[in-house]
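Some features that Swiss-Prot has for this protein:
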ACT_SITE  CYS90  active site, nucleophile
ACT_SITE  HIS178  active site
ACT_SITE  GLU180  active site
BINDING   SER232, GLY233, GLY234, VAL235, ASP236, SER237, SER238  ATP binding site
DOMAIN    13-204  domain 'Glutamine amidotransferase type-1'
DOMAIN    205-403  domain 'GMPS ATP-PPase'
Amino acid sequence: MSNSQSEGKRQPAIVILDFGSQYSELIARRVRETEVYSLVMSYCTSADELRQLAPKGIILSGGPSSVYAERAPLCDPNIWDLGIPVLGVCYGMQLMVQQLGGRVEAAIGKAEYGKAPLQVEDPRDLLTNVESGSTMWMSHGDVVRDLPEGFVRLAHTANTPDAAVADHNRQFYGVQFHPEVVHSSHGIALIRNFVYHICGCEPNWTTTAFIEEAIAQVQAQVGQKRVLLALSGGVDSSTLAFLLKKAIGDQLTCMFIDQGFMRKGEPEFLMDFFDQKFHINVEYINARQRFISKLKGIIDPEEKRKIIGTEFIRVFEEESNRLGPFDYLAQGTLYPDVIESSGTNIDPKTGERVAVKIKSHHNVGGLPKDLQFKLVEPLRRLFKDEVRKVGRALGLPEEIVRRHPFPGPGLAIRILDEVNDEKLNCLRDADLIVREEIREAGLYHEIWQAFAVLLPVRSVGVMGDKRTYAWPIVLRCVSSEDGMTADWSRLPHELLERISNRIVNEVRGVNRVVLDITSKPPGTIEWE
């Protein structure tokens with residue numbers, strides 16, 4: 001999302017220039033938490049483009065490069081003449097120093113990673129209410145050796161003399177740590193200082209404001225034409241259904257494609273919920289065998305995602321011809337979906353991505369090139385927590401608002417092998433046990449996602465004095481705020497024991513349960 005058209009008509013108060021950091025969008029989320037709208041754009045964005053956007057502040061993100069490297073990503077040097085306050089974070093600070101006449105070098109023997117106490121020397125402006133000795137998250141192998149003219153030191157750590165710097169006259173600020181991550185204890189205070197006290201922003205990015213703008217944007221985009229919604233029953237598509245119903249009424253047709261990869265009992269729950277409780281008409285399409293046959297012999301996860309995405313569109317196209325005509329396809333694509341599917345930062349000199357592509361999202365990377373619909377994606381500028389707020393404001397019940405995220409390709413990407421009915425039934429039963437036990441323990445709403453994964457191997461076991469040779473199930477439970485980063489959930493041992501015992505005793509074809517204790521990064525939440 002690097003252009004104002006895809007973001008609607010609202011102009012960003014804060015622009016984040018992305019230099020390839022996996023935390024760039026987290027910066028945007030932290031700014032939005034202050035009720036100020038922010039937009040992530042490529043580091044290639046020109047000073048002229050920024051002048052037209054007229055943001056009140058600019059944040060330069062971190063990144064994996066060194067500013068002195070031959071192909072280091074650089075921002076337009078004319079940005080420094082715009083008269084707009086700038087905050088550089090990690091690489092962004094080093095770039096600011098380098099371009100304004102300072103010097104950055106490799107931190108030989110003194111690279112700093114992880115938590116470090118910040119010693120505040122100047123508590124004005126940026127560091128107001130940031131306590132000296134507070135913990136900040138460091139992640140850098142380079143350090144500033146010489147500050148540019150006009151800059152002063154604001155704070156230091158044990159290994160970083162210039163951990164925070166400023167040119168107060170020009171309102172240029174830099175920090176060598178990451179205030180956006182949860183590990184930085186006073187990071188939010190620092191961001192608020194920059195957004196409110198330095199940039200003078202107003203708190204007008206609210207749920208009510210978004211709903212009003214989104215409705216107006218959809219009405220302007222769609223006009224009197226009809227929209228087909230790909231409804232899955234999760235919080236994203238359900239919120240989208242409520243939003244579109246409010247915006248365009250009977251111009252909306254919801255369609256649920258049962259591709260055979262849903263969790264146990266979900267198709268029935270979905271149809272009852274929308275039809276009986278909220279009287280939103282949903283067309284049910286049973287396409288289970290069609291999807292499973294398309295995945296025959298397919299193991300590669302990227303190929304699975306693209307096949308499922310393509311087949312979804314094909315089914316929608318066929319059904320739209322029967323029910324239509326429809327001009328638009330609505331999707332519950334969110335900001336993290338777009339982020340994980342493509343790096344927006346392409347070096348114009350080398351053609352190389354600065355940010356590494358993680359995996360294609362089924363709503364983004366899986367779309368066929370000959371798509372017959374125009375897309376309506378009013379949620380694509382929101383993070384998951386923002387979607388939940390919108391859903392609540394629109395009247396969506398908590399049982400939907402607080403449901404755990406579920407991938408569009410469903411259980412097909414939780415079977416790390418060829419997909420067939422036997423494996424699907426096995427995984428459905430195991431997954432149901434996981435969710436039942438976590439709900440019974442009162443932990444469901446404390447966990448971001450909890451699910452089972454079926455591995456493509458078999459292990460030896462003994463049951464009833466007989467040798468077994470069956471599949472292992474992986475238990476994956478993570479805690480997160482927005483899905484951008486995640487930590488594995490520390491479940492009570494007694495709960496883990498109950499889950500394991502039930503799965504090996506109740507699920508046919510399984511004789512072993514293992515626990516995934518990998519955080520994101522380095523892993524992703526889903527296995528495929």
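Positions of Cβ are set from backbone N, Cα and C atoms, glycine also.
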Sorted by sequence, non-SER232, GLY233, GLY234, VAL235, ASP236, SER237, SER238 residues with Cβ within 8 Å of centre, ATP: LEU231, THR239, LEU240, GLY332, ILE400, ARG403, PHE406
Integer Cα-Cα distance in angstrom, SER237 (ATP binding site) to HIS178 (active site): 33
GLU180 (active site) CB neighbourhood, other CB atoms within 10 A: 28
Integer average pLDDT (0 to 100) for the domain 'GMPS ATP-PPase' (205-403): 82
CYS90 (active site, nucleophile) and SER238 (ATP binding site), distance between Cα atoms, whole Å: 38
Protein Cβ atoms within 10 Å of SER232 (ATP binding site), excluding its own: 23
From HIS178, SER232, GLY233, GLY234, ASP236, the recorded positions whose CA lies within 10 Å of that of CYS90 (active site, nucleophile): HIS178
Structural state of SER237 (ATP binding site), classified by DSSP into three states: helix
GLY234 (ATP binding site) versus HIS178 (active site) - Cα distance in angstrom: 32
Cα-to-Cα gap, VAL235 (ATP binding site) vs GLU180 (active site), nearest whole Å: 26
GLY233 (ATP binding site) to GLU180 (active site) - Cα separation in whole Å: 32
Those binding-site residues listed as SER237, SER238, and which of them has the most Cβ atoms within 10 Å of its own Cβ: SER238
Minimum Cα separation from GLU180 (active site), reported as the residue among binding-site residues SER232, GLY234, ASP236 that achieves it: ASP236
Spatial neighbours of GLY234 (ATP binding site) that are distant in sequence (at least 6 apart) but have CB under 8 A: GLY332, ILE400, ARG403, PRO405, PHE406
